[in-house]
Amino acid sequence: MMTVNEIEAQVPQSLEELVQGIHDILGPDGGLDSEHIDQNEIIRLMQSYTSNSKDWAKYGMFDLSRPYTRNLVDDGNGKFNLMIIAWSPGRNSPIHDHSGSHCIMKILDGRLLESQYEYPTKLEEDVACSNIDITDGSEDNKTTACQNTSAMHVTKDTILKSNQVAYISDKIGLHRIANPSTFEGAVSLHLYTPPFKTCKTFEETTGKARSASQCTFYSIRGARQEKGLL
């Protein structure tokens, strides 16, 4: 049985220690698909970190003209991406997949609503509406000329509060993340392994898929990026 000191030693006391803990668990392979990696170990590690805004404030950059911003914390030497996403009040992501990646999300501040969806039974891509930037909000009111196929079905709605952790992969389904507050922002920490640069978004009323353009970072390691840079 582990001593109290050994248990406490495994609890990250800062975001920096959490990042190091993720590196230690994933090891040189750096991915949850490795045979020796248990995703629950990463989930437990992220659960054990208590959010402290002093740790992540420099990464939590908002742009209220966008639904959310993606702020890179660590690139995992190309094996994973750890980022902080800042959610504008009352805004949401599109319904999207994760291009084969695992996604572990921890709420750092505020609340978020995760809506999970089944995959459309027939995947049909709307080429005319592809190559969008999913963070600019341009598809919030986008309509398409595609024929109506079938509406997508929500399998689960979950309100996630500060310090709670959620996990999703394409084997589970698709999801959409929304900030239900109309007056307060929210901040979340996301681990993607392996990292992904593109994904598919889905129209809720038809299930029509769109290929998103390269997912850009609003900031990298606390430094604001010029528009168009990764």
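In case you wondered, yes, glycine gets a Cβ from its N, Cα and C as well.
It should be emphasised that the depicted structure is a prediction, and the values quoted were computed from it without experimental measurement.
Pulled from TrEMBL, these are the features on record:
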- HIS96, HIS98, HIS175: Fe cation binding site (BINDING)
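Around the Cβ of HIS98 (Fe cation binding site), the number of neighbouring Cβ atoms within 10 Å comes to 18. Over all protein chains present, the Cβ of HIS96 (Fe cation binding site) has 20 other Cβ atoms lying within 10 Å. Note: the Fe cation site is recorded as HIS96, HIS98, HIS175; in the same chain, SER93, ILE95, ASP97, CYS103, ILE168, ASP170, LEU174, ARG176, CYS199 also have Cβ atoms within 8 Å of that site's Cβ centroid. Here HIS175 (Fe cation binding site) comes close to ILE95, HIS96, GLU114, SER115, GLN116, TYR117, ILE168: these same-chain residues lie at least six apart in sequence, with C-beta atoms under 8 angstroms from its C-beta.
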